[in-house]
Amino acid sequence: MSFSLSEWLWQETYWLPPNVTWAELEDRDGLVFAHPHHVLAAFPVALVLVAVRIVFERFVALPLSRWMGVQDPIRRKIKPNPVLEKYFLRMKQCPEETQMVLLASQCGLTLRQTQRWFRRRRNQDRPSLSKKFCEACWRFVFYLCSFVGGTSILYHESWLWSPSLCWENYPHQTLNLSLYWWYLLELGFYLSLLITLPFDVKRKDFKEQVVHHFVAVGLIGFSYSVNLLRIGAVVLLLHDCSDYLLEGCKILNYAHFRRGCDALFIMFALVFFYTRLIFFPTQVIYTSVYDSIKNSGPFFGYYFFIVLLVMLQILHVYWFCLILRMLYSFLHKGQMTEDIRSDVEEPDSSDDEPVSEGPQLKNGMARGSRVAVTNGPRSRAAACLTNGHTRAT
C-alpha cells in the first residue's frame, strides 16, 4: 500500500517537465543526480543542529551576553490569585477598566493592585533579554557561516549572476557534492526551527514566521527533489546575505550598542530591499515563470514552485513594510526604537499606573499624587533609557 502511494505521489507527470522520466535522472557513468530520498538525511541533521544550538547558547552565547553587558530586568513575583489567573489564561491578558474594577471587587483588591498584578503577570510570560540575545546569536552564527559557505560554492557559477542560465539543460543537471551538503544543512536548519518553534521567542509576526518556515522547507525540499538546485541555491543565498545582518543588529540592540545597531540596521534595510524586492522578483521569479518552460509546456510542479516563490515574495513585502516603519522612526528620532515586532517589557513601578485626578491642593498638586523622584532606584528597563540607549526587545 505504501509503495503504491509513493508511486502515485511521485508520478512523473506531476513533478517533471513533459516527456521527462525519473529513469533519465538515475546515476550513471560517474554522473550523480539529486534524488527525492536524499532529503530524508535532513531530519537527523536537524536534530544534530538542535543539540548544537543548546550547547552553543549555554556555553558560548550566554557568557558572551554577560560580557557585553546584557542584563535581564528584575521581575517581581506575583501573589497567586486563582480568579485573576483563570481570567488571564482563558479570557484576556489586558482587561478593560470596567472588567478590571469587577475583578478587583471579586478578589478584595484595589484597582491599582489588580492592574499591577496583570502587568507583572504579562511580564512573567515575556522572554528574558538574555534568551533573546542567545537566540539571535545562534542564528547570526549560522546565517553568516551559511552565507560565507554558499558564496564560496556558488561564486564561480555563471548562473548565480545570470539566473536565466539556471534552466540550461534542465532537468539533466548533475549534482555537485559541496552544493549537496550546503543544501542539506539549510534544509536541516529550517527543520530545526520548526522543532524549536514552541520554545523560541514569539514576536508579533509569529504567524508569518511559521508560514515562512514551512514555505522555506517546502521550497528547499521540493527544489532538491526535482533537481531545481540552481535556482533554489540562488534563492537561499539571497536570503542568507541579509538574514545575518538582521540578527547582528538584534545582538547590538540587546547589548545597547546604539550606533553600531543603527548603522547595521541601515545596511540590512538596503540589502533586504535590493535582494528581496528588486533582484528576487525581477530575476528569480521572472526567470522561473518564463524561462523555465521555454523548452516544455507548464506542468503541476511548475505551478507549485511558482506559488511557493510568490508566497515568499508576499512575506518579503510585509516585512519590508515593518522595516520602513522603523526607518521612519529612525529618521524622525535620530536613533532606532525598539523592534516593532517584539513585546516591550512593561515598567514594574506602581508609579506608572494611571491615577485618577483628585481635588487640587494649595501647591497645585492633585490629592494622592506623588512627586517624581529623580535620584531614586528605578527598574533596569527605565535605566536603559536614561543613558541614551533604546529599550532592547
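Even glycines carry a Cβ here, placed using N, Cα and C.
Listed in Swiss-Prot for this protein:
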CARBOHYD  N19  N-linked glycosylation site
TRANSMEM  32-52  transmembrane segment
REGION    67-128  region 'Homeobox-like'
TRANSMEM  140-160  transmembrane segment
TRANSMEM  179-199  transmembrane segment
TRANSMEM  217-237  transmembrane segment
TRANSMEM  265-285  transmembrane segment
MOTIF     291-301  motif 'Last loop motif'
TRANSMEM  304-324  transmembrane segment
TOPO_DOM  325-393  topological domain 'Cytoplasmic'
REGION    341-393  region 'Disordered'
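For the transmembrane segment (217-237), the list of distant contacts is 15-16, 25, 33-36, 38-39, 42, 146-147, 150-151, 153-154, 157, 159-160, 163, 165-167, 170-171, 173, 175-176, 179, 182-183, 186-187, 190-191, 194, 280, 284, 287-288, 292, 301, 304-305, 308-309, 312: same-chain residues at least six beyond its ends, Cβ to Cβ under 8 Å.
Residues in the motif 'Last loop motif' (291-301) partition by DSSP class (helix H, G, I; strand E, B; coil) as 5 helix, 0 strand, 6 coil. Counting Cβ atoms from all protein chains shown, the residue listed as 'N-linked glycosylation site' has 9 others lying within 10 Å of its own Cβ.
With respect to Cβ pairs under 8 Å, the transmembrane segment (265-285) is most closely packed against 304-324, considering the stretches 32-52, 140-160, 179-199, 304-324. Per-class residue totals from DSSP over the region 'Homeobox-like' (67-128), listed helix then strand then coil: 36 helix, 0 strand, 26 coil. Outside the transmembrane segment (304-324), and at least 6 residues removed from its termini, the chain residues within Cβ reach (under 8 Å) are 205, 208, 211-212, 215-216, 218-219, 222-223, 228, 235, 269, 272-273, 276-277, 280-281, 284-285, 288-289, 340-341. Mapped onto three states, the DSSP output places N19 (N-linked glycosylation site) in coil. Mean model confidence for the topological domain 'Cytoplasmic' (325-393) is a pLDDT of 49.
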